Amino acid sequence: GTLITISSFSWFSMWMGLEINLLSFIPLMNEVNNPLSSEASFKYFIIQAISSMLILFNFLSFLISKEYLTPLNFLIELIFDSALLMKLGMVPFHFWLPEIMEGISWTNTFLLLTWQKIAPMILIMYNSQMNFFLISIIILSLLISGINNWNQTSIKKILTFSSINHMSWMLSILLLNQSLWMFYFIFYTLISLSMILMFKKIWTPSIPDFFK
C-alpha cells in the first residue's frame, strides 16, 4: 500500500494505496493476549477512515475546481494537508496517537512510528508547499510535544511525543531538501528500532520500572 501511494500518478491510486495500508495494518493490531488491542485498532480505524474520507473528498473537489471552484483552491489544499497531518498524528490532530500506542505491542509501535508515516509524508512532499498553515503546525507540534513530555512516565507516551517532535523537524526538512529528509528518517528509524527492541526485551512499560 505504501509503495502504491508513493509511486502512483493519479489521485485515486494514491487514495487506494492509503486504504490498502490501513486495512493491512488493522489485523496486525489485534492480539489475543492484549485486551486493549481491540479498542486501539477500532480507534485507529475510525481516525484513519475519517482522514481518508477527507482525502477522497478533496480529490473529487480538485477534479471540478478548475471549472467551478477555482477561488476555493486554498481551502481544498488546507483540507488535504489537514487529512494527511491527521494520519501522521501531528498537533492539533494528535489526541488519538498516545491512546492507541498504549494498547498495541512493541512491534506495532515501531511500525506505527516509522513505516506508517512514509506515505502521508511523501504525499505532503508531492502536493504541498511551505505556507503559513504548515509552518504553524510545525511550530505547534514542536512546542506541545515538548511540553507534554514533561512529567511523563509511560515509555510509549514518551516515544509518541518524541515521534511528533521528530515529525515536525522532518516536515520542515521535507519541504526544503528531500535528501536530508531521507537521511533523517532512516536515522530516526534505526534509533527507534534499537530502543523498541531493548524495551521489548526487558519489558519496561514505565520509567519507574527501570529502578525495580
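Cβ coordinates come from backbone N, Cα and C, glycine included.
For 10-202, the entry in TrEMBL reads domain 'NADH:quinone oxidoreductase/Mrp antiporter transmembrane'.
Residues annotated as transmembrane segment in TrEMBL: 12-30 (among others).
Beyond its flanks by at least six residues, the transmembrane segment (42-64) meets 11-12, 14-15, 18-19, 22, 25-26, 29, 72, 76, 79-80, 82-84, 86-87, 96, 99-100 of its own chain at Cβ-Cβ distances under 8 Å. Per TrEMBL, the feature transmembrane segment maps to 42-64 (among others).
The transmembrane segment annotation in TrEMBL covers 76-97 (among others). Sequence-remote contacts of a segment are chain residues at least 6 beyond its ends whose Cβ falls under 8 Å from one of its Cβ atoms, and for the transmembrane segment (76-97) they are 18, 43-44, 47-48, 50-52, 54-55, 57-58, 61-62, 65, 69, 116-117, 119-121, 123-124, 127-128, 133-134, 137, 140-141, 144-145, 160, 163-164, 167-168, 171.
Long-range neighbours of the transmembrane segment (109-126) within the same chain, counting only residues 6 or more positions beyond its ends whose Cβ lies under 8 Å from a Cβ of the stretch, are 1-2, 5-6, 14, 17-18, 21, 25, 28, 81, 84-85, 87-88, 100-101, 156, 159-160, 163, 167, 170-171, 174-175, 178, 181, 185, 188-189, 192-193, 196. The feature transmembrane segment is assigned by TrEMBL to 109-126 (among others).
Per TrEMBL, transmembrane segment is recorded for 132-151 (among others).
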